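A.B. asks: Swiss-Prot lists 464-478, 724-757 with the feature compositional bias 'Polar residues'. According to Swiss-Prot, the feature compositional bias 'Acidic residues' maps to 487-499. Summarising the annotation, Swiss-Prot assigns region 'Disordered' to 457-499, 722-757. Residues annotated as repeat 'WD 1' in Swiss-Prot: 5-45. Positions annotated as repeat 'WD 2' by Swiss-Prot, on the basis of sequence analysis: 62-105. The repeat 'WD 3' annotation in Swiss-Prot covers 113-153 and rests on sequence analysis. According to Swiss-Prot, the feature repeat 'WD 4' maps to 161-201. Under the heading repeat 'WD 5', Swiss-Prot lists 203-246. Annotation comment: Swiss-Prot describes 250-290 as repeat 'WD 6', evidence class sequence analysis. Per Swiss-Prot, the feature repeat 'WD 7' maps to 293-333. Residues annotated as repeat 'WD 8' in Swiss-Prot: 510-550. Taken from Swiss-Prot, the feature repeat 'WD 9' covers 601-642, and the record attributes it to sequence analysis.
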Amino acid sequence: MDCIKSIGRSAFVAIAPESPFIAAGTMAGAVDLSFSSSANLEIFELDFQSNDRELKLVGQCQSSERFNRLAWGSYGSGSDGLIAGGLVDGNIGLWNPISSESGEIAHVRDLSKHKGPVRGLEFNVKSPNQLASGADDGTVCIWDLANPSKPSHYLKGTGSYMQSEISSLSWNKGFQHVLASTSHNGTTVIWDVNNEKIITDLKTTVRCSVLQWDPDHFNQILVASDEDSSPNVKLLDIRYLQSPVRTFVGHQRGVIAMEWCPSDSLYLLTCGKDNRTICWNTKTGKIVAELPTGQNWNFDVHWYPKMPGVISASSVDGKIGIYNLEGCSSYGTENQQHFLFHLLDADPLTAPKWWKRPAGASFGFGGKLISFNKNLPEASEVFLHSLATEKSLVNRISKFEAALENGEKTSLRGLCEKKTEEAESEEEKETWGLLKIMLEEDGNAKTKLRSHLGFSLPSEENDQTANEPHATCSSTNVEETQKVPEPEGEEEESSDPTFDDAIQRSLIVGDYKEAVAQCFSANKMADALVIAHVGGTELWESTRDKYIRMSNAPYMKVVSAMMNNDLMTYLHTRQPKSWKETLALICTFAEGDEWISLCDALASNLMAAGFTLAATLCYICAGNVDKTVDIWSMSLEKQSAGKSYAECVQDLMEKTLVLALTTCNKRVSASLRKLFESYAEILASQGLIATAMKFLKLLESGDFSPELSILRDRISLYAEPEAANTSASTNTQPKISNPYQEKSFTPAPLSNAQPSRSITFFPLNPPRELKNADQYQQPTMDYHSFNRSAGPAYNAPPGPGSYRSIHSQVGPYINSKIPQTVAPPVRPMTPTHQVAVQPEPVAPPPTVQTADTSNVPAHQKPIVASLTRLFKETFEPLRGYSRDTPAKKREAEDNCSRKLGALFSKLNNGDISKNAAEKLTQLCQALDKRDFGAALKIQGLMTSTEWDECSSWLPTLKKMIVTGRQNVR
């Protein structure tokens, strides 16, 4: 490709070490079209944002002589350092690059000592105040720019070390007192500047034009010749100068200039009289890229240190070109292969250092951040940081988890009360207030709910009034001052004698039905009801119903609904705005499952009418977690104003779990599953991996969506992997009885209807004591509580102190102190277990020989047969050859027998999931084919996917497979 920027000059170049400027000094011996003999030093700005191809001139000045070499160092009073030029007359000119706003380059002074053109010139990078110069008189001068009146060191070879014209010199990159110089007579000398002594030298028969120290290996140096007969570049070790380390072959004529890449020592730039400018891979000696071939050769090349991959090349035909090396071809203009593709083809594992990140960071799962910095002493050192971006949220989660672990309703009521006080909206205040009521003591929830809705019993109001002295006094005064006058005498009610006679005749003959009809005709409702009562049940009921139908009083509709036990019909006739009155009525009269259905129906009506808050509260009363979470989830985005998404999810999760304490729901809706997924992600992102795993364990594996399964696996893999090994080893120990592991207590309902749904949330710690045991039913299923400090990782088998999955539980997330939702009175069941009764002897666990397999499905029978055969093949050969003691052999055999016996019992009872049974069938088929490798792979797959269900016998099965394979061999 063509150059990206250019300058129309035939000049030597020096690039500023820190600033985007390039200096150009007129080349000695160059002739332009104007045949001018002037000498100029100019500074151009390297502005790659500009669309102009020509660089902008920002400063210039005239020089007394033309230049043979130009260098730009960082030493100087200004931030741009100093420019040094090796002149034809033997002087060294010093310039201040930018001395004023006018852009004039200020000439500082000349350094005079040499008696011939100065061709070698370089600042010491490690000691910026030192400038080395070499001239045609064969001398090398070291100038201290702090005191430049004379050279601080004067180096000149004698005898066999005599050098002719100095063509190039270079400071060692590792030792600031070591300098190398080369000359046209082929002599290269390594100097100890401090002692002005020669360390070593190299004599060749060819002219040496340029040399460069290896920036990485301080004992290696590059030397090139400008003779056409020897156009090679040699890398020499100063300890073994007669044998080059590497030779770079590519130029057809002599090499004039070269420079090592300051950004990556893997690359070297050379130019020669064959019109080629080549970039080399110094590790392999191969050509990496090449500049487009011009009409004439380049005599000066440099790397731009501030932008790796950008180079400058000065040509004899009067042009300074700025090139992007990455756009150059690999083998010249004839083969336009891109620089990048050549790199990948030549060394696919190596990239330029400027493409590599000097530092980097990456966020990891579990609130982790990993970072690296290539400038550190240890290149392979990385840092792992734990980040909690929501510190206030982490504190909230910890407090909420502590409230759940406590398991006491007082702490949960305190949480609800605190949330009610902190609520920023009326909706939140109403929600938390209702949740607090649902956690009240037995018998109080019903009364509290009605009071919360604004309806109290008269006795409650009288009791409250009696406690107020001023109210008592006022009521007494009213009784004294407002006296009802006594009637002077009874006045007979006027009536039509005709109706009276007709009614009387009907009664005389016993025609009660006609008498009632006559009373209705005369609008004597009370008389009709009295006569109907005498006339029998059928007449009484028909008369009563007719009276109710004729009545216009609103309260009579309530009476009708109660008499007909048809609250559902009455509910659908109610106005949505009167939902509190309707809910209070249901709370008073509904019983059993009717409470749930009525609350659900009322909530549905309210939701359809747009009363979202009222519908939510009714769903809460019904214990309908799914519907409640659906509504809360829909309003999640609306509530996010002023709060982060994580805080909104935390609010929603807190309400959901508190609601779950008083309900039972075996179903997991999509909204609830999504809520758990979002909450687990938030917990994991804040580094709360163990807490996230606890909540995910509340869900049965069948309830996991693909996304949730992936999240669970990531969390389980991130958790302590050694927990699986620890738990697997403990499976061989005898099982110890644990009351909280073996029994689950379902509390009796409160004084109102008990929801029929079941939820799957449980207290974080086992209840310390079960009070009022007579209110609890007989334990039904396993109860696994949660222990923060001892909870195993996901891939460990469940045990004491861990959550139990939702579908394996009946009891809600409660202990003896947590009430259920509002419910009508139900007679508590007497527990079948008594403390004083001696427990029955525990039956021995099933073994391979004793397990009942009569009910194992036909397609699973081969599993029993294959594993029984594997058991026999595993232990029978060991009885005569094992080094273990007989007791240990018997213990191992019995343990494996018990594990398989437990598996056979699960198969017999149908307690194995479909996925586990299918994998187990595949495993046994592999065993039947003697393909133990495939069997082990299936066992490993089950370990990662079915561990919760199969952890008790999977390790034993693996041992048997491994032993069986060894026996076959």
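The backbone N, Cα and C atoms fix where each Cβ goes, and this holds for glycine too.
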A.B. asks: How many of the residues that make up the repeat 'WD 7' (293-333) does DSSP mark as helix, as strand and as coil?
C.D. replies: 3 helix, 19 strand, 19 coil
A.B. asks: Go through the chain and flag residues at least 6 beyond the ends of the repeat 'WD 4' (161-201) whose CB is under 8 A from any CB in it; none is fine as an answer.
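C.D. replies: Hits for the repeat 'WD 4' (161-201): 116, 119-127, 130, 132-136, 138-140, 142, 153-155, 207-215, 218, 221, 223, 238, 241.
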A.B. asks: Can you tell me how the residues of the repeat 'WD 4' (161-201) break down into helix, strand and coil by DSSP?
C.D. replies: 1 helix, 23 strand, 17 coil
A.B. asks: Apart from its near flanks, which chain residues at least 6 from the ends of the repeat 'WD 1' (5-45) lie with a Cβ under 8 angstroms of it?
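C.D. replies: Distant contacts of the repeat 'WD 1' (5-45): 53-74, 79-81, 83, 85, 88, 93, 95, 97-98, 105, 117, 299-300, 302-306, 312, 314-322.
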A.B. asks: Could you put numbers on the helix, strand and coil content of the repeat 'WD 5' (203-246), residue by residue per DSSP?
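C.D. replies: Counts, helix then strand then coil: 0 helix, 17 strand, 27 coil.
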